[in-house]
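As recorded in TrEMBL, the features of this protein are as follows:
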- 33-52: transmembrane segment (TRANSMEM)
- 101-120: transmembrane segment (TRANSMEM)
- 132-149: transmembrane segment (TRANSMEM)
- 161-182: transmembrane segment (TRANSMEM)
- 307-329: transmembrane segment (TRANSMEM)
- 317-549: domain 'ABC transmembrane type-1' (DOMAIN)
- 349-370: transmembrane segment (TRANSMEM)
- 426-448: transmembrane segment (TRANSMEM)
- 454-474: transmembrane segment (TRANSMEM)
Amino acid sequence: QEGRRFCVSCGGDANLSIHTDNPDLTPCFQNTVLAWIPTVYLWTALPFYLLYLKRSKRGYIVLSMLSRFKTLFGVLLWCVSWADLFYSFHELLQSRTPPPVYFVTPLVVGITVLLATLLIQYERLRGVQSSGVLIIFWFLSVLCAVGPLRSKIMTTTAQRFRSATFYIYFVLLIIELILSCFKEKPPFFSPANTDPNPSPELTSGFLSRLTFWWFTSFAILGYKKPLEEKDLWSLNEDDISKNIVQKLSREWDKEKAECKQNLYVLPGMISMKKSNHALNHVGDGPEEAEVLIRDKRHSRKPSFLKALMRTFGPYFLIGSFFKLIQDLLSFVNPQLVLISFIKNKDAPAWWGFLIAALMFTCAVLQTLMLHQHFQYCFVTGMRLRTGITGVIYRKSLVITNSAKRSSTVGEIVNLMSVDAQRFMDLVAFLNMLWSAPLQTCLALYFLWQALGPSVLAGVAVMVLLIPFNSAVAIKTRAFQVEQMRYKDSRIKLMNEILGGIKVLKLYAWEPSFSEKVLEIRKNELRVLKKSAYLTSLSNFAWISSPFLVGCTCTTVCTAQEHPWRTHGKLTVRPTNLGTKYKYLLGKKNIFHTVSLKRIQQFLSHDELDPNCVEREVIAPGREISVVLRGADAERVLFVWGFSGVSGKAKRI
């Protein structure tokens with residue numbers, strides 16, 4: 001009753017909208033739900049979008065005719081919306097009391113349209129050429145206005161003023177949507193204005209980026225002729241290795257600095273005396289020595305994973321959002337199957353057309369979201385590999401001599417090639433860590449509605465596979481560590497052979513060194529063979545899991561004489577989740593943990609102190625010499641490293 005007081009009183013809602021050959025929406029639904037959906041979307045996205053625009057530093061766009069027309073039609077939409085509001089007040093003054101919905105909806109819609117108009121100009125000042133947020137808003141507004149438009153055309157109404165304003169409002173929405181599909185000019189001081197061959201990705205419109213239309217011209221060019229280097233576009237600023245390595249190095253240095261500042265002592269330990277004696281003579285007493293040892297033992301080591309997350313995490317989360325939408329859409333089609341409609345002889349014909357249209361729309365949206373997800377994942381993986389390779393190379397130039405003895409050239413080469421590549425390969429499947437459990441929960445929910453408690457039998461099969469694959473994963477990780485150790489030693493030996501190839505040829509030592517390399521390679525292949533056997537067992541278990549789960553659920557359900565309430569709604573979607581856990585507990589995650597440990601251990605090596613070398617501009621003709629006189633010459637000791645005093649030189 002309260003809802004009818006708020007809007008328009010209407011009866012027989014189900015017969016009017018669903019169980020009829022000529023469906024229509026109730027006036028209350030049209031003036032509330034359909035009118036508020038675009039409003040709720042824009043106000044929900046507003047805080048996040050404003051934060052994004054605030055951080056955008058692209059420069060401003062000169063006021064163009066396109067921007068002026070979009071602003072003009074936005075103001076007209078605001079005027080039309082509030083014209084309905086003022087008309088409601090006019091009716092109130094004429095002793096006609098309209099429903100409250102005729103006051104609330106025009107007020108809310110008018111404020112929202114005014115907000116969208118202001119966003120058009122704010123986006124221009126922040127250098128946004130095409131706004132995906134506003135395109136979606138105008139599209140939702142047009143889509144939600146199609147139903148009321150059909151109702152007003154099919155039925156006659158006494159509210160001629162509101163009908164006229166609605167027709168004007170709908171036409172203005174169409175114009176605004178069309179104008180929003182066109183992109184603005186590049187911002188002032190944009191690299192696209194100076195680059196002779198810029199990439200069209202950043203300057204492309206929202207629809208072009210969503211459908212990858214900006215790449216079409218390049219694909220056609222490659223079809224017509226073989227591509228050359230001059231045909232390639234310039235790299236985007238965010239994809240240049242110099243910028244990527246600087247960002248990752250800055251985050252890694254910040255992580256190391258935080259670890260140095262956050263040294264702590266566990267509760268209950270003996271506190272160090274803060275006297276001048278303790279500060280100047282560390283370790284004079286047993287208490288101070290004990291505290292120093294424990295403090296060093298429990299200090300947190302810098303995490304390279306945190307540096308990676310802070311550098312590449314925000315961009316990767318955008319792809320995760322697309323993956324979330326794709327996962328939710330993947331469970332919509334099983335709920336829209338046509339079998340139930342076909343078995344219902346009394347169903348109106350428009351039900352079938354609506355279900356088919358929804359299934360097609362869902363499939364298209366799912367494809368768009370999935371490709372956007374992979375686009376963000378692969379770009380993140382490319383940047384990740386570039387950053388890791390650059391950071392390792394920079395580190396190899398500044399590590400001390402003692403660190404060079406522990407980390408050979410072969411290990412450094414493997415870190416920059418193999419381990420960095422594994423991070424890139426992992427990113428595409430990293431979202432499975434949360435996507436697989438989410439899809440499992442949704443699938444179990446729908447299966448429980450269809451089969452009841454019988455679905456627990458299939459769950460038991462999947463649970464039994466997890467310990468087996470976990471044990472295989474642990475063993476595979478051990479084999480991976482052993483294989484990388486053999487690979488490092490093999491590359492180290494090959495570098496030494498190539499470096500001294502003249503000596504080997506002179507003394508005819510090729511066979512002996514060849515046997516050493518082949519022996520190491522033989523051990524490496526032996527470990528790879530064992531790892532391949534374990535991987536085959538794991539893959540067999542996960543690939544056969546859909547059949548085992550489906551067979552178990554069907555058998556238990558049939559044995560219990562459970563009524564099949566689904567009428568054929570069971571699809572392959574709920575039973576293929578076992579293959580997703582293959583990536584969750586697969587060898588890619590194992591290789592990733594091994595590679596992360598190796599890279600972090602290498603980046604934690606000591607570096608040369610740049611302050612030990614004094615850099616001065618020497619005048620031309622001036623000689624440089626180091627002279628030790630008197631007692632200083634007796635106390636100086638020259639060594640190659642800190643681990644020992646071998647190779648020392650005195651009295652030079």
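The backbone N, Cα and C atoms fix where each Cβ goes, glycine too.
In terms of C-beta pairs under 8 Å, the stretch of 33-52, 132-149, 161-182, 307-329, 454-474 lying closest in packing to the transmembrane segment (426-448) is 307-329. Distant neighbours of the transmembrane segment (161-182): 66, 69-70, 73-74, 76-77, 80-81, 83-84, 87, 102, 130-131, 134-135, 138-139, 141-142, 145, 148-149, 152, 205, 207; these residues of the same chain sit at least 6 beyond its ends, with a Cβ under 8 Å from one of its Cβ atoms. Comparing 33-52, 101-120, 307-329 for CB pairs under 8 angstroms to the transmembrane segment (132-149), the maximum falls on 33-52.
Long-range contacts of the transmembrane segment (101-120) within the same chain, counting only residues at least 6 positions beyond its ends with a Cβ under 8 Å from a Cβ of the stretch, are 6-8, 28, 31-32, 35-36, 38-39, 42-43, 46, 49, 67, 70-71, 74-75, 77-78, 81-85, 88-89, 131, 133-134, 137-138, 162.
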